[in-house]
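K.L.:
Structure provided below as structure tokens; questions to follow.
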Amino acid sequence: FFSLTQKRCCNNIDSRGGRKPVMGERMMKIVTYNVNGLRQRILQFGSLRNLLNSFDADIICFQETKLSRQDVTADLVMVDGYESFFSSTRTSQKGRTGYSGVITFCRVKSAFSSTEAALPLAAEEGFTGLMCNSQTSEDKLPLFIEDLEGFSKDELFSVDSEGRCIVTDHGHFVLFNIYGPRAGSDDTERIQFKQIFYRILQKRLESLLHQGRRIFVVGDLNIAPFAIDRCDAGPDFDNNEFRRWFRSMLIENGGHFSDVFRAKYPDKSDAFTCWSQSTGAEVFNYGSRIDHILCAGSCLHKLDDLQCHSFIRCHVKECEIMTQYKRFKPESTPSAHMRKGGKSVKLEGSDHAPVILTLMEIPEVSLHSTPSLSARYVPMIHGVQQTLVSLLMKRRVSDSCKMADSDISVVSTSERIEEPIDIIGSSTRECDFLPNKDSERSILEPNKLSTGSSLETVSKSGSLFKKSKIQKCDESKKKARNSQSSQLSLRSFFQKSTNLDNGIKDSCIGFSDSQAEPSQPNSQSLENSAVFDHSSSPVQDEASAACDQDLAELNDSSRKEEKSNVASQEWQRIQKMMQNSIPLCKGHKEPCIARVVKKQGANFGRRFYVCARAEGPASNPEANCGYFKWATSKSKNK
């Protein structure tokens with residue numbers, strides 16, 4: 001028999017096992033989501049604020065952010081109204097940099113002197129205790145440091161160096177944001193890493209439980225625990241060691257944790273959170289449930305020996321998979337996402353769906369401020385520190401600018417043109433090195449030394465010549481870059497390009513000759529020539545250079561056009577040849593798509609063909625028919 005208080009508490013439990021709302025209760029929502037690249041999700045939603053606000057949750061845990069530490073910027077991890085705590089990969093191992101990463105966002109009204117439970121009292125990067133930046137608001141973190149004698153320091157550090165865990169202490173519970181490692185069936189190195197990862201995690205969790213703490217473990221654990229959680233569970237499904245480990249942690253098997261979603265929906269099938277990107281399995285909901293929310297510990301009610309009390313029964317109102325974030329929308333027809341003709345329709349979004357947990361009756365905590373691990377205190381977030389190399393490069397460019405200005409200033413005063421030229425239409429915006437005040441002063445200084453229109457003309461013409469020289473130099477650099485970046489075809493090495501530029505060449509020669517012809521001298525020109533005896537030389541040189549430049553540009557344009565036509569014809573021929581060799585799948589009589597074996601082994605680099613349709617149940621005739629055929633030869637390894 002229960003006491004009156006026990007009966008009152010149990011009577012507030014609804015038919016679905018959740019507690020009925022009561023007056024004055026405080027709700028809290030926790031979301032876990034493998035974003036498959038935080039940058040991509042921010043671009044998808046327009047901003048980080050829009051992404052976070054779309055969940056309307058108090059604590060949001062992201063996994064697989066794919067951010068290395070040097071990639072983390074304020075626009076990726078900071079937004080008003082949220083405190084964030086992130087962990088990025090620290091390893092330089094090949095294929096692991098910028099691969100994983102987790103971040104926890106906490107929605108708060110104030111980051112200082114707050115009583116909100118969503119704002120953590122303590123935060124820690126990793127769960128081995130070795131990360132040196134583990135801090136709390138009081139510079140203490142009384143969580144764990146025992147029972148790890150069986151692990152070497154290198155093993156402990158390797159577990160935390162991939163950015164797979166952020167721990168936040170919210171007073172009433174400790175929250176683990178976890179991105180579990182993935183390991184192929186024949187990848188012994190990653191299997192061993194995954195074993196060490198979960199063994200150390202289990203010891204950390206047991207240490208906290210021994211201290212009487214309540215725990216939430218959320219995230220992509222890369223484990224589908226039961227056959228109902230996997231679309232293609234075979235006869236050996238239960239023999240997987242990591243599934244056995246997961247189930248051993250659950251209460252029904254003698255452990256301490258509850259799988260919250262399965263506790264609420266024990267028999268719900270087709271409840272998946274992850275789908276294969278490469279096979280388009282999301283179209284037919286052909287996936288697995290590997291994103292979890294686990295909880296352990298007693299309820300928050302201060303009552304003794306209440307058998308009907310548990311954290312789930314008393315405080316968990318709902319736990320749902322947020323299917324609205326799936327890339328394939330249920331209202332769309334599967335045929336709209338079919339992959340036909342060797343082309344696939346790319347679905348926007350992550351290949352995972354978020355899971356949301358709604359808690360009830362979560363009281364406030366004592367007055368505290370955000371821990372020092374918060375992104376607001378990370379120096380690299382507020383500005384990138386200059387390296388010595390970048391500083392020297394900037395000085396080198398600055399010195400080059402000054403040298404160019406001084407050289408051009410000398411030219412502008414020595415090179416003189418007889419007649420003034422209108423420079424209103426000239427453009428200097430394309431020039432990277434604009435004249436500074438010193439160079440402008442050196443150009444204008446001759447006007448102070450003498451009077452007369454001829455010296456004013458010298459100043460204007462010198463300025464024009466300077467701008468023209470810089471602009472041509474800039475254009476020649478651009479042309480050189482374009483010619484280097486253009487791809488040469490095989491035929492271009494054996495074929496000489498034909499240019500219809502004889503007329504332009506002749507016109508340029510004629511123009512040069514006409515400029516060189518002597519004109520009848522007059523008294524004014526003789527007078528000017530006495531002062532400027534080489535005034536016509538810059539004009540002739542500039543005109544000749546302009547003609548040469550126009551001719552070179554025409555030749556370059558003609559070569560590019562010819563190469564483009566040849567490449568287009570070759571590509572059309574290759575496409576036609578490939579289409580003739582692509583087999584048709586037997587199930588739908590449609591062209592297959594080609595793929596290449598990327599796994600190391602005897603067939604590495606070998607090409608094969610498969611049905612182009614999305615993967616789905618074998619009973620569905622609209623899904624992939626399972627056709628497979630090896631190509632005749634291996635593709636060239638790159």
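Glycine is treated like the rest: Cβ placed from N, Cα and C.
TrEMBL lists Tyr179 with the feature active site. Summarising the annotation, TrEMBL assigns active site, proton donor/acceptor to Asp220. According to TrEMBL, the feature active site, proton acceptor maps to His352. Per TrEMBL, Mg(2+) binding site is recorded for Asn34, Glu64, Asp220, Asn222, Asp351, His352. Sequence annotations record features per position, and here TrEMBL assigns domain 'GRF-type' to 585-634. Annotation comment: TrEMBL describes 509-545 as region 'Disordered'.
A description of the local structural setting of each listed feature is requested, covering burial, neighbours and distances.
P.N.:
For Tyr179 (active site), the Cβ neighbour count at a 10 Å cut-off comes to 25, with all displayed protein chains included.
The Cβ of His352 (active site, proton acceptor) has Tyr33, Asn34, Val35, Asn36, Asp220, Thr273, Cys274, Asp291 as same-chain neighbours under 8 Å, each 6 or more residues away in sequence.
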K.L.:
Fewest other CB within 10 angstroms, which one of the binding-site residues Asn34, Asn222?
P.N.:
Asn222
K.L.:
List the other residues in this chain whose Cβ sits within 8 Å of the Cβ centroid of the Mg(2+) site residues Asn34, Glu64, Asp220, Asn222, Asp351, His352, in sequence order.
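P.N.:
Surrounding the site, in chain order, are Asn36, Gln63, Tyr179, Thr273, Cys274, Ile290, Asp291, Ser350.
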K.L.:
When you measure from the Cβ of Glu64 (Mg(2+) binding site), which residues in the chain that are at least 6 apart have a Cβ under 8 Å away?
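P.N.:
Asn34, Val35, Asn36, Gly37, Ser100, Gly101, Val102, Tyr179, Asp220 - these are the non-local Cβ neighbours of Glu64 (Mg(2+) binding site), listed in sequence order.
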K.L.:
Mind looking up the mean pLDDT for the domain 'GRF-type' (585-634) in the predicted model?
P.N.:
82
K.L.:
Can you give me the same-chain residues 6 or more apart in sequence from Asp351 (Mg(2+) binding site) with a CB-CB distance under 8 Å?
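P.N.:
Those within reach of Asp351 (Mg(2+) binding site), by Cβ under 8 Å and sequence separation of 6 or more, are Asn34, Asn36, Cys274, Trp275, Ser276, Gln277, Glu282, Arg327.
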